[in-house]
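Per Swiss-Prot, the features are:
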- S102: active site, phosphoserine intermediate (ACT_SITE)
- S102, D242, D244, D246: Mg(2+) binding site (BINDING)
- S102: phosphoserine (MOD_RES)
Amino acid sequence: MGKYFGTDGVRGVANKELTPELAFKLGRYGGYVLAHNEDKKHPQVLVGRDTRVSGEMLESALIAGLISIGAEVMRLGVISTPGVAYLTKEMDAELGVMISASHNPVADNGIKFFGSDGFKLSDDQENEIEALLDEENPDLPRPVGNEIVHYSDYFEGAQKYLSYIKSTIDVNLDGLKIALDGANGSTSQLAPFLFGDLEADTEVIGCSPDGYNINEGVGSTHPEALAKTVVETESDFGLAFDGDGDRLIAVDEKGNIVDGDQIMFIIGQEMAKNQELNDNMIVSTVMSNLGFYKALEAEGIKSNKTKVGDRYVVEEMRKGNYNLGGEQSGHIVLMDYNTTGDGLLTGVQLAAVVKLTGKSLSELAEQMKKYPQSLINVRVTDKHGVTDNEDVKAEMDRVEADMNGEGRILVRPSGTEPLVRVMVEAATDEKAQSYAQQIADVVEEKMGLDN
C-alpha cells in the first residue's frame, strides 16, 4: 500500500481526509497517467458513484480535474463498481473511475480507478500517480479555449450493463420468489429492475437511499435484516449486496446465511459439471473455510489460495487463466463475464443454478459443511515475526496434531494495525475457541505489547 492508495483505491472521511481538493488532483494526475494518450487529444473517461451524500461533491471535483487535463468525461450517475469496470472495457474508454467506499459507513468515501481493460490499477500505476501528488506543481498539459471539452451524462450506461448481466444466463427466473437487499447503495434501483426483468417475484428492502443510510443495518454486512424478510415473506432465497455492488451474501429459504465460500462452491460445482471451469480450479484466499476446500476435494475440483484481498484473487486468476475466484466476504469474480467482483452478476448466476437444478438454496449450500471458526486479535511487538517464534510454532504444531486433520490454523499479521490475527477452524465451536485461545495465549506471553 502506498501513501494515498490502499488495497482498494484512495479512501478516507469525505471532506476531511478525502477532500474535494484531493479529488481534483486525483482526477488531474490520475487522468494524466492513465488516460493521456498521445494519439488521442481527448481521452474518454467514465465516472460513476454510489449513493453517499458526499458523492456529488467529490464527483464535481474529480470531473474538474479530469477536464483540466483534456479528458472527455461521461458521467454515469449512481451505478455499481462492476458496472463501471464493465462499461469502461465495453465502450473502449481510456479510464473508468468509481466514487465509493463500498461497505464502509456513510462518512467515508473513496475513489478507485479502472484501466481501459476494466481491471484495477497496478502498483506501478498507483506509484506514478502518488509521485505526481507529492510534487508541488507538476508540469502537465493545460488545454485552453476551445481545447477544453464539455462533460456529458450517460445514465443509459446502467441499462446497458443490466442488459449484459441478463444475457449471461439462458433461463428466466419465473416461479422464484427472491428477496433483495440493496444496502441503500448502488444496486438499490439496479437489482429490483434486473430480477424483475428476469420475471422473478421480488421482495425488496434496503432500496430507499437518502444519501445518509447506505449500509445502515442493511446489505451484505448486515444479512440478518434480509434473513428476517426471507422467512417472513416465504421467499425462496435472498440476495444482499454491499454499498457499491461488488459483493454478494445470500440467505436460504430458512434464513441461514450463505457466504462467499458457499456461493463459490455452488456456482463452481455447476460450472465443473458443464465443463466450464477452467483447469477445474477455483481461486480463493487463505480466509476461506476448511469446509470449502474439503467440499471441493470431494467434487474433484482444485483450489488455489492467495493473500486476503480481491485484487490478489484477480491477479492469480489472470496469471493462471482461471475463471472463478473470490472471497468468503462475497467478492466473487466470474472472469468470463467481468473483471472484478460483481454482486448482481453473481446473484443472477446463483439464481440460475437454483432454477436449473430445481433444488432449494439450503440443499445446495448444505453440500459444503462449514467448520466453526474462532478469531482472536493479539497486539504484538513484531507482527511479522510471530510465526518465526519457536514457542508459537511449537504451540501451533501441538494444536495441529491434536486436531488430526479436522481443523485449520491461520496466524497472520494485520495489514493496518500492530496485531496478529489468530484464526482456528475446528470440528466444534468449543474446540475452535479453545484452540485459538491456547495459541493466542502463547503469542501474548512471548510477543505481546504489554510484555
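For all residues, glycine too, the Cβ spot is worked out from N, Cα and C.
Taking the Cα atom of each, D242 (Mg(2+) binding site) and S102 (active site, phosphoserine intermediate) are about 6 angstrom apart. A Cα-Cα distance of 5 Å separates D244 (Mg(2+) binding site) from the residue listed as 'active site, phosphoserine intermediate'. Sitting within 8 Å of the Cβ centre of S102, D242, D244, D246, and not among those site residues for Mg(2+), are the Cβ atoms of D50, S80, T81, S100, H103, G185, S186, F241, G243, G245, R247, G341, G343. In this structure the alpha carbons, written CA, of the residue listed as 'active site, phosphoserine intermediate' and D246 (Mg(2+) binding site) are 8 Å apart.
The Cβ of D246 (Mg(2+) binding site) lies under 8 Å from the Cβ of S80, T81, P82, S102, D310, H331, T340, G341, D342, G343, each of which sits 6+ residues away along the same chain. All protein chains included, D244 (Mg(2+) binding site) registers 35 other Cβ atoms within 10 Å of its own Cβ. Local packing around the recorded positions S102, D242 was summarised as the count of other Cβ atoms within 10 Å of each Cβ; on this measure the leading residue is D242.
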